[in-house]
Every structure is written in structure tokens, then in C-alpha cells.
Amino acid sequence: MKDNDQQDAIVNDEIVQEKRDSTFGMFKKLNDIESQQKAAPVAPVAFPNPVILGAASFSCTDFILSTVNAGLLPSTVASGVIGPAFFYGGSVQLLTGLLCFITRNTFGLLTLTSYGAFWIAVATLITLENEGVLVFGNDVNMPIGILAVGYAILTCYLWLATFNHNLTLCILIFMVDVQLILQSFASFGVISTTAPGVAGLFVAANGWYFSMALFINENYGKHIMPLGDPQTTPVFRDIYRGIYASS
């Protein structure tokens, strides 16, 4: 009987030891896995592309103004662009341009901050004129006209830089420049506002497509909506070669 008790005690001790070893092994394995996870490099989270929002805000505000200029809406609602110009097309776009500094996007930094400031300037001029703070009299449109001339010059060299990006952006900036030139003519009384209004509708459509393509492609992680390559497109390819050859 005593031998049997000793054998049972030995078996119990072995079972307890196995459980201890098993428990220790489990915790050791968990610790090893945790150590490996801590040692493994964590992939950096990509910063959201602020250009997507910037292009959308620009397009929406330009669309609102262009519907009035093109005669699709009565001129009495022209002041309705002030709100979007101050906030969506102005402040939001200005912020997205500053965020391009973080993403090291010099083109976006210059373009979006400049156009954001443009809409804020337009809204400010209209507001001050309506409130009687600034009185331009018969020359009421000239401040907008000279502002459009200055931005047409800026947009011209922005367009030259788009050949190193994509075809959609290249066409968009070109159309913006055309709209600004037509707007300056309309502001100085050379032509009616219909021409810059129609051009602005094309700009808004192109800008929305550009924003949507960037958003959809980034959202799905693959190229679904094409943006095109100006370096392989006829006419644009020749312009690019001319720019590249002169550099």
C-alpha cells in the first residue's frame, strides 16, 4: 500500500510539473511573439492627399460663379458666391494648400494656396463693394479684372509644370488659364461674361473629375479612373519635349 501511495505521489508530481512546463511554455511563446511584433518595423500611415479636397472645393465654387456668368442663373443671385468663396473655395482650399507642405507637394502648395487666396480676395471685394466700404463706381469690375490678369500669369507657368504630372491636371490648369483670360476681358468690358462662364463650367467639370479620380484610385488602392500622361499624348508630348529640350 505504501508503495502504491509513493507511486501515486510521483505521478501527481509529474503531472503538476508538466502543467507548469506547459504554462511556462505558453507564456514564453506569447512573450516571444510580442517581442517579435515590437521589433518588427511598423509601416508608416500615408498622409491623406489634400489635393483631393482642394480640387473639389475649387471646382464647386467655380461652378457656382460660372452658372451666373453663363446666364444659367439671374445676376441678382451673384452675391450667393460670397459664402462658398469665403469658406469652401477660399479657406478650405487655402488649408489644403498648406497641408501640401507636409506631403512635400510644391505644386499643390503653390496652386491651392494661391487659388484659395483668390476666392477669399474675390469674396472680400464683392462684400466691401456691397457694404459701401469700397466704392468703385463705373469701374466696379476692374479690380476683379486686374486680379484675373495677375492670376492668369501665375496659371501660365503652373501649366508648364503640369506636363510632369498627368494629362487631366494639364488640361485643367490650361482651362483655368483660359477662363481667367476671358474673365479679365469681360471685367474690362471687352466681351460679355458668357464666355468665361462657359469656360468655368468646363473647368468645374474637369476639376471634379480630377478630384474624383484621385479619390477613387486612392480609396481602392489601384488605378481605376485614368488621369492620362501628357508625355505620351500627341500635341502635349511635343510641348513637353520642347520644355524638356530647353531645360
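Yeah, the Cβs are placed from backbone N, Cα and C, and that goes for glycine too.
Residues annotated as transmembrane segment in TrEMBL: 81-102, 109-128, 140-160, 167-191, 197-216.
If you look at the transmembrane segment (197-216), the same-chain residues 6 or more away from its ends with a CB under 8 A from one of its CBs are 49, 51-53, 55-56, 58-60, 62-63, 65-72, 168-169, 171-172, 175-176, 178-179, 182, 224-227. Sequence-distant contacts of the transmembrane segment (167-191) (same chain, six or more residues past either end, CB-CB distance under 8 Å): 55, 62, 69, 111, 141-142, 144-146, 148-149, 151-152, 155-156, 158-159, 199-200, 202-203, 206-207, 209-210, 213, 227-230, 233, 236.
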